[in-house]
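Q: In case it helps, TrEMBL gives these features for our protein:
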BINDING   A:THR111, A:THR112, A:ILE220, A:GLY221, A:THR318, A:ALA319, A:ASN435, A:LEU436  K(+) binding site
TRANSMEM  A:12-31  transmembrane segment
TRANSMEM  A:37-57  transmembrane segment
TRANSMEM  A:69-90  transmembrane segment
TRANSMEM  A:136-161  transmembrane segment
TRANSMEM  A:184-203  transmembrane segment
TRANSMEM  A:232-255  transmembrane segment
TRANSMEM  A:276-297  transmembrane segment
TRANSMEM  A:331-364  transmembrane segment
TRANSMEM  A:396-417  transmembrane segment
TRANSMEM  A:456-476  transmembrane segment
2 protein chains.
Amino acid sequence: MQYRTIIRILGLLVALFSVTMIPPAIVSIIYEDGSGLPFLLAFILCLITGLAIWYPNRSFRNDLRAKEGFLIVVLFWTVLASFGALPFLLLEQPQMSTTDAFFESFSGLTTTGATVIEGIDYLPKAIQYYRQQIQWLGGMGIIVLAVAILPILGVGGMQLYRAETPGPVKDSKMTPRIADTAKHLWYIYFSLTIVCATAFWVVGMNWFDAICHAFSTIAIGGFSNYDASLGHFNSVGVNVVCVIFLWIAALNFALHYAAASGRSLKGYFHDPELKTFFIIQISLVLICFSVLIQFNWFTDAGIAFDQALIQSVSISTTAGFTTTEFSNWPVFLPIMLIFSSFIGGCAGSTGGGLKVIRVLLLYLQGKREVDRLIHPKAIYSVKLGERALPDRVVEAVWGFFSAYAMIFVIIMVGLIATGMDDVTAFSATAATLNNLGPGLGEVAATYAEVSDSGKWLLILAMLFGRLEVFSLLVLFSPTFWRS
Amino acid sequence: MQYRTIIRILGLLVALFSVTMIPPAIVSIIYEDGSGLPFLLAFILCLITGLAIWYPNRSFRNDLRAKEGFLIVVLFWTVLASFGALPFLLLEQPQMSTTDAFFESFSGLTTTGATVIEGIDYLPKAIQYYRQQIQWLGGMGIIVLAVAILPILGVGGMQLYRAETPGPVKDSKMTPRIADTAKHLWYIYFSLTIVCATAFWVVGMNWFDAICHAFSTIAIGGFSNYDASLGHFNSVGVNVVCVIFLWIAALNFALHYAAASGRSLKGYFHDPELKTFFIIQISLVLICFSVLIQFNWFTDAGIAFDQALIQSVSISTTAGFTTTEFSNWPVFLPIMLIFSSFIGGCAGSTGGGLKVIRVLLLYLQGKREVDRLIHPKAIYSVKLGERALPDRVVEAVWGFFSAYAMIFVIIMVGLIATGMDDVTAFSATAATLNNLGPGLGEVAATYAEVSDSGKWLLILAMLFGRLEVFSLLVLFSPTFWRS
Ligand SMILES: [K+]
Ligand SMILES: [K+]
């Protein structure tokens with residue numbers, strides 16, 4: 001293991017991360033909220049620590065293998081999220097415990113969006129801004145991880161998206177070098193954020209709110225600078241803008257990349273994952289709408305449609321914005337929406353969950369098993385569009401699903417062991433493992449009441465979800481640490 | 001499709017099934033409980049209907065293909081369970097609705113053991129006996145299905161146990177013809193039942209209770225002729241006998257067959273599934289015991305151990321006998337035991353759940369995925385003992401797990417749509433799909449309070465579980481019905 005090369009990279013990352021403390025400091029100055037000092041301190045701490053880690057190892061620049069790739073990915077999220085907790089620890093208002101500070105930071109950087117803070121509306125502007133920005137940075141990290149790194153590492157069948165392999169994303173020919181790919185992806189991500197913020201401003205938000213919500217929309221993070229989340233605005237315009245940009249952010253960024261580089265717009269029209277994604281989205285909206293109408297849940301059909309639209313899109317893409325108490329919606333709607341977050345966004349998006357492509361492949365593979373039983377001697381392959389998938393991808397997707405289910409059960413039983421009730425434990429595990437945010441029961445609004453050990457378990461769930469289970473799971477294998 | 005051959009076989013089965021109405025009629029005569037007439041009527045109805053179905057088709061004796069095998073298996077359970085509902089419909093006490101009669105009969109024949117009857121203690125002896133006997137008959141059917149039929153049909157990776165393939169059950173060389181295999185299996189099943197009944201009698205049960213409970217123990221069914229289930233006896237001896245025979249019944253009957261035919265006792269010692277089964281069993285008992293001790297749940301350690309033993313074995317093997325309200329046990333024990341029922345018994349046993357072998361294979365395959373990520377160029381195979389498994393078995397097991405999870409979610413959301421609360425819906429789905437019986441919440445004791453539509457959904461879950469999902473699922477495929 002090339003430890004010193006890994007440490008060098010980490011040092012650089014932490015030093016770079018220090019820069020992200022400057023914008024909130026500026027926000028503090030603009031709004032004169034008197035909370036600038038913690039960010040200045042955090043900036044200095046990150047910069048010095050980062051450089052101190054980097055300097056003695058600066059000459060270690062060996063080539064890295066897949067093994068080291070996993071370690072860097074895991075350390076990227078755990079180390080940066082830990083340093084990201086600094087402002088929460090240093091702030092006087094709100095006074096946060098160490099556990100709470102880490103929970104909020106990990107929830108932000110993994111774009112989960114579960115919060116332990118009550119009274120967000122009354123926080124200093126700088127810390128309001130900082131929470132949103134950390135989600136946006138996490139979203140950036142995910143795009144690069146999902147589009148450029150996981151296909152190379154081959155996690156959960158994502159070798160499917162490797163640039164060399166033929167198929168749906170073949171035309172997008174991702175720039176081979178990760179750094180270069182990352183630069184292009186960030187450019188798209190940045191542009192989308194600006195367009196989204198402008199759109200929010202056009203439908204009536206002030207610039208501060210527009211930027212804050214654009215950050216958490218494009219990152220599919222779900223943090224808001226209001227306790228009432230999107231519901232604060234009570235505006236159809238805001239909801240519609242949010243839905244449109246959540247849909248854009250929940251698509252594979254490789255498709256956006258292909259479109260942006262002008263090479264092919266038809267990627268959007270020929271992608272089987274995108275098609276499945278919209279079929280699921282529209283079905284969910286229609287089911288929610290018809291049940292709400294049947295129960296006369298809202299005063300008129302227009303409001304019912306607006307709420308059905310924003311809530312089903314927000315939960316199923318794993319954003320987790322709330323505009324109404326959907327957890328009290330009639331009969332099976334709350335649990336259906338929680339289950340829909342297991343599907344989540346497309347691969348290569350900022351969304352969480354299993355990802356649409358994997359659910360589609362599980363369905364196709366299930367269909368193949370049935371066909372095999374009926375005609376035992378025929379040979380069936382799993383096809384995506386015109387393309388037959390190699391067995392290794394098929395097996396990796398199935399392995400992903402099984403591991404996801406196993407982690408789910410372990411974390412849920414662990415939470416109940418800390419004294420949590422069954423429904424809350426179920427939905428809290430789903431909400432963190434799928435990087436969704438809000439759950440049902442005790443955690444429908446905030447996670448403030450969860451015990452400390454429960455919070456650490458949920459942090460673990462967020463990491464497992466965000467790192468596509470296997471990136472973290474490999475570290476638990478003795479084989480990994482054998483040289 | 002050879003419809004007339006299938007109808008001929010069904011007619012024969014129904015006519016044969018009529019004979020099972022005679023023992024309860026005799027019980028009625030012995031105890032003079034005045035409930036003999038419904039059984040006599042049911043006997044005549046089954047016999048006449050069966051012969052009427054069989055007679056016009058008696059000359060159709062074509063060879064059957066795999067497709068027709070699936071149809072016969074599904075019809076076996078649905079048609080016999082429907083005819084099995086006759087006595088419940090005809091009886092004056094208890095007065096049962098059509099839904100309740102079908103629920104009780106399907107729950108019996110699938111060895112689920114969920115009941116809608118309250119006040120079982122006060123029922124006529126004949127109907128008490130009949131409920132136990134229908135479980136015993138269901139258990140017989142399962143053994144033949146699991147050991148002789150599913151390996152040929154190849155459901156859920158069970159081709160692993162096909163006699164021709166080399167491996168752990170190679171030595172047992174199952175007699176190729178199903179009928180002959182069935183005869184031998186029933187002989188073992190019958191002998192075990194006699195030994196079990198005698199053991200129950202030795203530890204203090206009267207003969208009637210001993211036979212009734214031997215029926216539902218060997219079938220891992222969980223019905224009892226007392227509302228308080230095994231708790232009625234409040235006897236360590238009864239609990240220990242029950243545990244021992246549940247363990248025997250939860251092993252692969254192919255192993256018993258090999259041992260009984262004197263060819264090899266070492267099958268027991270070299271079977272990786274058996275080893276895993278006992279590791280899981282012992283772990284569960286120890287976890288329950290230590291938590292109960294820690295919480296001072298019982299007055300002394302002896303009682304705590306007795307209860308930990310009987311309840312964890314009863315739930316994890318999917319028998320579902322209760323001796324105490326385990327659903328009120330501290331913290332995570334109830335949910336852990338419900339989750340353990342997903343593992344269930346060994347393949348080829350009367351137990352339900354996913355089966356130990358599949359869980360073991362899922363674990364081994366997950367481990368392989370991790371190894372593949374660490375060393376992408378190495379070639380790994382999934383090994384059971386010394387034997388590398390073909391990809392097709394590996395994929396079939398993964399497909400089985402995914403389909404199981406999908407059916408689980410659909411039934412659970414369906415139950416919530418009927419107005420059931422989340423915890424009850426979760427545990428009721430688990431308890432029926434795993435053929436366990438008792439759940440948590442509203443269905444911890446009986447299913448009497450569940451709505452009619454809810455009961456039919458649960459009947460569907462019992463069938464999906466008992467028919468190893470795919471035997472029933474293939475019937476929903478258009479390919480199946482294409483000639
Ligand atoms: K989220
Ligand atoms: K049972």
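Including glycine, each Cβ sits where the backbone N, Cα and C put it.
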Q: Take the C-beta pairs under 8 A between the transmembrane segment (A:184-203) and each of A:37-57, A:136-161, A:232-255, A:276-297, A:331-364. Which stretch has the highest count?
A: A:232-255
Q: Which sequence-distant residues neighbour the transmembrane segment (A:37-57)? Criterion: at least 6 residues beyond either end, Cβ under 8 Å.
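A: Beyond its ends, the transmembrane segment (A:37-57) has Cβ neighbours at 4-5, 7-8, 10-19, 21-22, 24-25, 28, 83, 86-87, 90-91, 126, 130.
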Q: Comparing the binding-site residues A:ILE220, A:ALA319, A:LEU436, which residue's C-beta has the most other C-beta atoms within 10 angstroms in this structure?
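A: By the 10 Å Cβ neighbour count, A:ALA319 comes out on top.
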Q: Starting from the Cβ centroid of A:THR111, A:THR112, A:ILE220, A:GLY221, A:THR318, A:ALA319, A:ASN435, A:LEU436, the recorded K(+) site, name every other residue in that chain with its Cβ within 8 Å, sequence order please.
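A: Near the K(+) site, beyond A:THR111, A:THR112, A:ILE220, A:GLY221, A:THR318, A:ALA319, A:ASN435, A:LEU436, sit A:THR110, A:GLY113, A:ALA219, A:GLY222, A:THR317, A:GLY320, A:THR350, A:GLY351, A:GLY352, A:ASN434, A:GLY437.
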Q: I'd like the Cβ neighbour count for A:ASN435 (K(+) binding site), meaning other Cβ atoms within 10 Å of its Cβ, all protein chains included.
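A: A:ASN435 (K(+) binding site) is surrounded by 33 other Cβ atoms within 10 Å.
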Q: Can you count the other CB atoms that lie within 10 A of the CB of A:THR112 (K(+) binding site)?
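A: The Cβ of A:THR112 (K(+) binding site) has 34 Cβ neighbours within 10 Å.
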Q: Within its own chain, what residues at least 6 apart in sequence put their Cβ under 8 Å from the Cβ of A:GLY221 (K(+) binding site), listed in sequence order?
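A: Set apart from A:GLY221 (K(+) binding site) by at least 6 residues yet with Cβ under 8 Å, we have A:GLY108, A:THR111, A:THR112, A:GLY113, A:GLN132, A:GLN135, A:TRP136, A:GLY138, A:GLY139, A:PHE215, A:ALA319, A:GLY320, A:THR350, A:GLY437.
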Q: Do any residues at least six apart in sequence from A:THR318 (K(+) binding site), in the same chain, have a Cβ closer than 8 Å to its Cβ, and if so which, in order?
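A: Listed in sequence order: A:ILE220, A:GLY222, A:SER341, A:GLY344, A:GLY345, A:GLY351, A:GLY352, A:GLY353, A:ASN434, A:ASN435, A:LEU436, A:GLY437.
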